[in-house]
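Undergrad: After the structure tokens below, expect a handful of questions from me.
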Amino acid sequence: MASTTPITMEDLQKALEAQSRALRAGLAAGASQSRRPRPPRQRDSSTSGDDSGRDSGGPRRRRGNRGRGQRKDWSRAPPPPEERQESRSQTPAPKPSRAPPQQPQPPRMQTGRGGSAPRPELGPPTNPFQAAVARGLRPPLHDPDTEAPTEACVTSWLWSEGEGAVFYRVDLHFTNLGTPPLDEDGRWDPALMYNPCGPEPPAHVVRAYNQPAGDVRGVWGKGERTYAEQDFRVGGTRWHRLLRMPVRGLDGDTAPLPPHTTERIETRSARHPWRIRFGAPQAFLAGLLLAAVAVGTARAGLQPRADMAAPPMPPQPPRAHGQHYGHHHHQLPFLGHDGHHGGTLRVGQHHRNASDVLPGHWLQGGWGCYNLSDWHQGTHVCHTKHMDFWCVEHDRPPPATPTSLTTAANSTTAATPATAPPPCHAGLNDSCGGFLSGCGPMRLRHGADTRCGRLICGLSTTAQYPPTRFGCAMRWGLPPWELVVLTARPEDGWTCRGVPAHPGTRCPELVSPMGRATCSPASALWLATANALSLDHAFAAFVLLVPWVLIFMVCRRACRRRGAAAALTAVVLQGYNPPAYGEEAFTYLCTAPGCATQTPVPVRLAGVRFESKIVDGGCFAPWDLEATGACICEIPTDVSCEGLGAWVPTAPCARIWNGTQRACTFWAVNAYSSGGYAQLASYFNPGGSYYKQYHPTACEVEPAFGHSDAACWGFPTDTVMSVFALASYVQHPHKTVRVKFHTETRTVWQLSVAGVSCNVTTEHPFCNTPHGQLEVQVPPDPGDLVEYIMNYTGNQQSRWGLGSPNCHGPDWASPVCQRHSPDCSRLVGATPERPRLRLVDADDPLLRTAPGPGEVWVTPVIGSQARKCGLHIRAGPYGHATVEMPEWIHAHTTSDPWHPPGPLGLKFKTVRPVALPRALAPPRNVRVTGCYQCGTPALVEGLAPGGGNCHLTVNGEDVGAFPPGKFVTAALLNTPPPYQVSCGGESDRASARVIDPAAQSFTGVVYGTHTTAVSETRQTWAEWAAAHWWQLTLGAICALLLAGLLACCAKCLYYLRGAIAPR
């Protein structure tokens, strides 16, 4: 075996230099044989592969074409002529003779800007174009020395979520070479298409453009242009791009799409893009909407406003020869068909536009006269009760024979009275005669008018009113839409809130014996279609329709909900309610016995009956918190109920003293007396051990040196004051609770329909009467109930718990799950914890809050005389987890389980058309009697006005509907007085008498020395939220939906700004 010599670094360096010389010699030999050297290959690290292990002498192929049967690499130098000839025809051709060595020439290629440039071969790129070629430009299939006419400059888009609404526009050369090859991992390499022909994008945009991504979110096509949408991440940042795709393959056919999962973005797609795409139609509609709003604002600002008080002077009418009253000629009023009501008015054969001469109060239906002449004897146009009259003012009777009126143009005979009117008198109470109709005192046109009090006589003109027509008033396309009366026929009886409708009246809804009329975008569109030649109607329809179209587009593109189109159709098409003859009427009936309402027939609630199976559950006595105390201007010698008998009530003190887990505390204020056993402060160290040596007591003795002795005023500073407090949970002798279980409950509503009795339940909510069928919306039955019959201080009250208790679950400690004694002497549940007593000064900020659970606060009160002081005691909640207290009963029960939250809905079906009247005045003499925080219904009584049903509301809460006359009902009020009652839109204030909550609430009583207070039941925010969890949940959902819609719109505008001005 030959010996081996170790290789040193110097030997390795020599070997590498020798190999480099050999490679350069091979390159020079290849150049002498007219073979072009390979251009330098610069590819991104993310798309380049490993070239190790490849045969350096064999043909080199691109990584994207590796293993795909392609022997040619068109991304590098073009092949020799023989290979080009072989590619053009399958027949072999003889090889040409070797040419003499020459310098290789770079090929010419298209730049996309009408010229050509040499392709770089060796050395690093010197400009952005050379760098793009080095990154992977593929020349066309034909001769690279010629221009490629198919190459063009196209645009792709990129944007990043991390940079906000910043869009990047990438302009690049694109050759229609078909689908680009795939990499080894099956991904499409976009770097093969990257060859910018515009400004060079930033480096991070180029990196994102060349990032491989196999997920195609959608394929977009416009004309012959095709784009692929992708989203991916680069360095933790999410990017999106729209890449231009080739449209023709190698053989001229349509190029196939990348072999990945693709989808067409539409409403039926299960995958939704993250952004909203706006195109030209949306921008065009938005611009039209802004233009419409601007035009509408300009029209509203330029529209003239009429002065109702002093109308403009009319133009002078043409003279006409008429009857002679002395030496004067009359000027007849020429009333045309285009008056304020759109009717046809005629006086003789003369016509004139009355809207130019009639004053503004014509619209109100009141009296009004307008003089067309300045003479003492002249003609007037009078108006009253929505009728126009032709009147003549005169001082003496006219001739007995009529005179024909002859105009200048032709001779016609005007319509004149058959009988001359009798003379007029100055008295206002006189009349002009039987054949005269409607004329009366003149209304002053101006303040200086001297015709005050003169009687006007004349003849009634013929008035033919056209059919009633409606229009819609727009408010930028948003609800509510108002109905505008264009023409009104009085006999149709259209009213707005009980007031007759006139031309020009605007109202959300009109009511008549024929039915109801409302307005909606559908009606405006119908009017615009029917009046296609009217610019106003077309403009109104456009302004009403465009916002809904935009909302539909936003919802469809942003939310991608399948039901958006159906919901929009329902809103647009189902909001129109044309007037028609109704065959059914709907109203409400309050749920208190005695309530009545008026459908086509009167309906009255005679009573409510409750049916169930009852099982007795026994009786028990609940725990009750009781406290007492005393304020004394000296230290007592005996701190007990017997020793403090002069200051503390004996009976409560003994009951509390004998209770379990009592708390007894004695405080001494300024204990520096000149005599007795309280001379030193050391007597009052914690626990009061020294004090107990002289005064045996069961109370805890504590010093209170920081408190003021001002309660015992009028004494020197060494005055001593003591405070004594005692509290415990006791069995109240006058409070018992009896339990009854109700199963198979059913509520029976007893109704009287036009004198016919009828009972309705949830199983049978119909009443068949001779007048028609009445369907009642009966609330569901409450189900199983638990009744708590509470007796206290001679007053009995029942509370109802919904549902059966789960005695084997969380309700095991509830009163209904205990074994009760028949005599109500057993206390249920565990013994409560000991109350905590606390001495609080009168100016302590702590008094602004409520006592905590199980706490009792005592505060000295200055007396009205010297050495007289009182004590104010405040108690908090019970402060333990047991559920047998009255607080638990009130929190888990209700006073009326079968009382629904709202009135009963009544639907009366009849074959005759119906129209429900409506109250036109506020209710009178309404009185409210009750307690608004006791959980019991209050009594509401008063007088309902005439004119129809009175939907009574008390402080905004509907308490039922009543016919005209006296009504008495019960309502659960949650607000304190004053009470505002309304009916038919008219409101008034009711008188109220509030009952003390102490007499109605089932709560414990706190006893004091001079001041007796009631333990206040305060509701915390958590308790209020627990009681209104459904409303809060619904409100939160609505708020989230609204916030999402606003955020979506904001996002649309944000990214739309970036798309309009890309970088």
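Positions of Cβ are set from backbone N, Cα and C atoms, glycine also.
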Undergrad: Write down the single range among 279-300, 1027-1048 that appears in Swiss-Prot as region 'Functions as E2 signal peptide'.
TA: 279-300
Undergrad: Candidates are Thr717, Thr929, Thr1011; I want to know which one Swiss-Prot annotates as O-linked glycosylation site.
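TA: Record annotation (Swiss-Prot, O-linked glycosylation site): Thr1011.
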Undergrad: Check the candidates Ser46, Ser87 against Swiss-Prot and report the one noted as phosphoserine.
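TA: Going through Ser46, Ser87 one by one, Swiss-Prot annotates Ser46 as phosphoserine.
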Undergrad: Under Swiss-Prot's annotation, the disulfide partner of Cys595 is which of Cys590, Cys619?
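TA: Answer per the record: Cys590.
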Undergrad: Check the candidates Thr379, Thr495, Thr505, Thr1012 against Swiss-Prot and report the one noted as O-linked glycosylation site.
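TA: Among Thr379, Thr495, Thr505, Thr1012, the one Swiss-Prot marks as O-linked glycosylation site is Thr1012.
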